[in-house]
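Each remark here refers to the structure printed beneath this line.
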């Protein structure tokens, strides 16, 4: 009887949590983005503090201002790319639609396959402009919540200074407080390591991809590089999607196969080298998620928060696994989330 009640209570809690996540998406999505930016600012700040010769001499406020400037510059670049490309997308969409129809008609004529005729009818009803504008809509949602995100970040930094005092008040005994401080320190360190390295690898991947797309003359190369940057946070699946969009646009834009092959092979090579050689060297076992868990997380957070939820799904799951691995009671969950059953040993036992 007690077991049945526990299961029922657990299912009810899950349902209520899901409902609150969906109902409060307008407030929660900016909060989650603010937490990531706040964590990234702390990561950049720590990197500046570790810079040889000058890092240790810089006061806290100055290194934090420098970190904030880095993020502000990045956000400004993001907004400029979005605003500068929206009108160009609308103008070019009709040309893409016509080129796509011509390609399908050419294939149908040369190969004489009836299936292509049905595909042609499908693509004639497909709005290229609508697809591209939907992609832009994800980023305009973020920029539209910029004020709320900034407010969240400000208050997170205010709370950061009082967090240790709250921990000391919650755990007055020195032995317990030392254990909690140790666990929190390692959770923050592991999370910042993941976000910092993943951000650097995403920036490297996006920059190298932008060089190839710009060299070929692909339209909206800056925007596709930005999309590659964000999709790189989604392991495996993100790389496939990040390659597919600019590759398909290259095929539609030029109506020849050579730019398509250059863009596809170039981005695939970049993703392969960075994803299999450069990133594992620095990220090590920080990211060890099961592919099945990744797919489930994408579907779950996508259903709750839409496309933006899919962007945030894997970083959230990685942070959850890091937290679960630090507590004996939740360590089995971290093992289930991992790909090979390997998780770091608990740093302390509660």
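Here the Cβ of each residue, glycine as well, is placed from N, Cα and C on the backbone.
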When you get a sec, could you say which of 90-123, 294-327 is annotated transmembrane segment by TrEMBL?
294-327
Pick from 256-274, 275-293, 332-350: which stretch is listed in TrEMBL under transmembrane segment?
256-274
Determine whether the transmembrane segment (199-217) and the transmembrane segment (256-274) share at least three Cβ pairs under 8 Å, counting only pairs 6 or more apart in sequence.
yes
Please determine whether the transmembrane segment (28-48) and the transmembrane segment (294-327) are in contact (criterion: at least three Cβ-Cβ distances under 8 Å, sequence separation 6 or more).
yes
Report the listed stretch (5-22, 223-249, 256-274) having the maximum count of Cβ pairs within less than 8 Å of the transmembrane segment (294-327).
223-249
Sequence-remote partners of the transmembrane segment (256-274) [C-beta within less than 8 Å, at least six residues beyond its ends]:
201, 204-205, 208-209, 212-213, 216-218, 228, 239, 242-243, 246-247, 250
